[in-house]
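**Student:** Copied straight from TrEMBL:
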COMPBIAS  B:681-693  compositional bias 'Polar residues'
COMPBIAS  B:719-731  compositional bias 'Basic and acidic residues'
DOMAIN    B:59-452  domain 'Cation/H+ exchanger transmembrane'
DOMAIN    B:549-636  domain 'Sodium/hydrogen exchanger regulatory region'
REGION    B:655-731  region 'Disordered'
TRANSMEM  B:55-72  transmembrane segment
TRANSMEM  B:78-99  transmembrane segment
TRANSMEM  B:111-133  transmembrane segment
TRANSMEM  B:139-162  transmembrane segment
TRANSMEM  B:174-195  transmembrane segment
TRANSMEM  B:239-265  transmembrane segment
TRANSMEM  B:285-311  transmembrane segment
TRANSMEM  B:331-355  transmembrane segment
TRANSMEM  B:361-387  transmembrane segment
TRANSMEM  B:399-420  transmembrane segment
TRANSMEM  B:426-451  transmembrane segment
């Protein structure tokens with residue numbers, strides 16, 4: 001869709017478009033943004049992200065920035081983190097937030113769901129062991145509440161404990177008192193957020209982006 | 001004897017205060033004992049209580065009908081309540097007419113000033129904000145453009161129909177037709193609520209139809225006044241049309257502004273009510289009602305004003321008022337709206353029988369058909385356009401439900417009733433009533449089987465999950481962050497900015513005390529824990545809990561430290577197991593039905609039967625004593641996290657302390673525990689052979705050091721310390 005622009009590296013957009021599902025126009029806009037963020041360099045580093053002023057007041061900015069440098073999100077089945085990313089990786093991470101297209105089969109919809117939930121899971125599972133442990137969950141809740149000045153350490157812990165208990169109850173059902181619930185695996189995570197309708201909520205409207213209104 | 005006449009005279013004299021007569025009487029009295037007044041033991045004076053008596057009688061009748069319907073289950077499953085109520089109204093109206101009395105009609109003043117506001121306030125106060133704002137664009141398009149389309153299409157086509165010779169409708173001119181179209185075009189919130197409440201469709205469709213029915217009030221008001229003015233004038237110019245458009249904006253935005261101002265006033269007032277908790281609910285009701293009335297003074301949209309007031313007021317008021325007041329507000333709103341709705345439908349039935357009708361086959365039939373056709377066309381056309389802008393597209397199934405849910409109701413009737421031109425008024429009224437009957441009966445009754453037939457997605461039950469709340473917030477922040485990175489000032493960006501503005505400025509002004517800085521997650525969490533505590537109180541006999549009981553407990557998720565000192569069990573394993581099972585059964589729930597969508601039942605009361613009154617009352621008294629502090633003083637929620645422990649029955653001895661651990665050594669003194677101590681383990685109070693009641697009263701400081709701050713359950717003793725705590729509910 002969209003008119004073809006006469007921008008220089010357009011032939012390479014074809015690959016990217018196929019890989020990520022963006023349209024040429026969207027890729028063009030994102031490329032402009034990428035160059036803006038990286039000060040016309042080829043790669044982005046973490047510092048570049050920290051320069052965005054609006055991002056500074058976001059309570060989970062560390063995790064968001066981390067997600068860009070997490071190889072698990074590059075769809076190459078890689079692991080670990082990198083120090084800098086190129087435009088392709090930037091685009092791939094962004095593609096997780098594309099809205100689902102109208103005509104999708106149930107299977108496609110399911111795979112989109114899994115993909116988006118996998119992205120969220122990776123954001124929570126910082127040590128990359130495949131489970132979200134209680135510590136990681138507590139950390140998550142603390143970050144969410146970090147904007148509030150009067151935060152009690154124990155409140156965050158209780159909330160995280162309650163949430164963990166709920167997950168365990170939903171996933172495991174019956175547990176002996178000696179058993180220990182290791183953490184939330186990806187399957188449990190899927191089950192937990194079953195009714196969450198993530199495929200319609202985790203989206204950015206890339207359609208209406210206009211280069212002139214880009215915020216700093 | 002003059003005994004028979006005396007009482008009458010006495011009454012008359014008393015009323016008139018006629019000195020002379022009295023003097024005469026007393027004179028008579030002193031003169032002869034034969035004329036002694038008989039004191040009227042029983043007298044009959046109906047007139048001076050007539051009005052309130054009749055009103056109460058009507059309301060009582062309405063409620064008894066409602067009661068009756070729910071007792072007979074088979075009927076209420078097939079037929080929606082509104083149909084039954086209209087039918088009863090018909091019967092009552094027929095009865096009244098038969099005995100020759102004048103039947104009360106659904107007076108417009110009564111309707112608009114007394115019957116409608118409670119329903120709208122109830123709807124607006126409990127409006128699901130998130131769903132509403134996410135679909136705001138769609139709702140507005142349906143409400144404004146859809147209603148306009150309906151009005152003009154119906155009005156114009158009716159005019160064409162009226163021109164057909166032989167229909168005797170030549171006297172109906174274009175403006176009257178347009179006026180009629182504007183009355184009949186609006187989807188009615190009362191009818192929609194009444195029908196949709198019972199079918200439990202998914203939230204999206206519910207909010208679309210319902211939101212549309214609320215927001216189209218502005219359009220209806222403007223069109224109605226516009227055409228009514230012009231039908232007197234006779235002609236419409238372009239300037240008038242432009243003024244009409246301006247008027248629309250004034251009416252809607254003005255209404256919202258008035259509502260918002262009253263809402264903020266109400267929120268501000270609630271900040272200071274901490275010392276007079278009893279009147280808190282009244283502030284909510286009165287400010288909202290004033291908002292409605294003030295908007296009506298200026299012919300602004302009263303409904304939108306009421307909605308704006310409720311929406312604006314709610315987050316701040318709920319943070320300020322006590323829990324009891326909150327419950328009161330909720331109950332009263334639901335009670336009033338329920339009564340109003342019942343009365344409206346009954347009166348609709350009565351008015352049908354009572355009012356003079358002018359039946360005209362062509363007019364009525366064509367009205368009904370045109371309403372359906374224009375609704376379907378409107379929805380289809382608008383959805384086609386809207387779907388280009390929506391992320392979650394509306395499927396044809398959704399469109400069908402939206403179109404089918406376009407019910408007309410009492411608002412149309414009342415507006416028709418307000419018409420002054422009596423020549424066509426009765427014909428219009430007849431047509432309106434027919435359409436109402438058609439939509440309520442035919443569409444109302446068939447929508448439930450259709451919903452099942454088409455397998456429309458139903459409302460999902462599981463609300464109030466702390467995980468979902470955490471992830472909702474997380475997702476909000478994530479999407480805002482991504483939008484920042486993209487450089488795109490989108491939906492989330494502005495929402496985030498609004499939230500931050502709200503937090504830094506508005507909340508400080510409107511919320512009392514420390515609650516003003518409480519993050520949303522914490523208030524959500526507190527609310528949930530509170531609700532669970534209440535549920536536990538209500539369900540003394542927890543075996544009746546109809547929920548999935550999971551045996552997962554806190555212990556299962558706590559990471560195991562190396563040097564954990566477990567308490568030494570001093571009872572048998574089987575006993576331990578039993579106790580654990582009891583505890584889990586009583587204390588853990590994974591599914592909570594916190595907010596039932598139906599307006600008419602609030603608490604799923606698991607406390608059905610088999611529990612003795614006495615024990616329940618005892619437990620309740622104890623619980624209330626403990627909880628009263630928490631319930632009336634919500635402002636101290638920040639200090640400590642909720643700690644809830646279960647109080648054990650004195651007969652149970654679960655564990656004893658390890659010597660080095662317990663602050664008071666191994667001998668736990670037998671406290672003089674009354675045999676009716678509060679117990680949330682009501683299963684086994686009768687175990688006489690458990691001797692040696694040992695109970696340690698744990699001091700409160702100890703609880704604070706405990707790691708198990710949260711206890712959705714206090715299943716087993718924690719890893720470090722041992723508590724057989726007494727139940728102390730602290731927030």
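Every residue gets a Cβ built from N, Cα and C, even glycine.
A TrEMBL annotation is a machine prediction, not a hand-curated record.
Can you tell me where each of these features sits in the structure?
**Tutor:** Here the transmembrane segment (B:111-133) has Cβ contacts under 8 Å with residues 139, 189-190, 193, 203-204, 207, 210-211, 214, 284-285, 288-289, 292-293, 296, 302-303, 306-311, 313-314, 329-330, 333-334, 336-337, 339-341, 343-344, 347, 410-411, 414, 599 of the same chain, all six or more residues outside its ends.
Outside the transmembrane segment (B:239-265) by six or more residues, the chain places 215, 218-219, 221-223, 225-226, 230, 287-288, 290-291, 294-295, 298-313, 510 with a CB less than 8 A from a CB of the stretch.
Beyond the ends of the transmembrane segment (B:331-355), by six or more residues, the same chain brings 58-59, 61-63, 65-66, 81-82, 85-94, 96-97, 102-106, 111, 114-116, 118-119, 121-123, 125-126, 190, 193-194, 281, 285, 409-410, 413, 426, 429, 433, 436-437, 599-600, 602 to within a C-beta distance below 8 angstroms of the stretch.
Proximity of distant same-chain residues to the transmembrane segment (B:426-451), defined by a Cβ-Cβ separation under 8 Å and at least 6 residues beyond the stretch ends, is recorded for 78-80, 82-83, 86, 180, 183-184, 191, 194-195, 198-199, 201, 348, 351-352, 355-360, 363-364, 367-368, 371, 401, 404-410, 412-413, 416-417, 419.
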**Student:** So, do the transmembrane segment (B:139-162) and the transmembrane segment (B:285-311) meet, by the test of 3 or more Cβ pairs under 8 Å (sequence gap 6 or more)?
**Tutor:** no
**Student:** Could you tell me what the rest of the chain brings near the transmembrane segment (B:361-387), counting residues at least six beyond its ends with Cβ under 8 Å?
**Tutor:** 137-138, 141-142, 145-146, 149-150, 153-154, 157-158, 161-162, 164, 167, 169, 184-185, 393-394, 399, 402-403, 406, 408, 427, 430-431, 434-435, 438-439
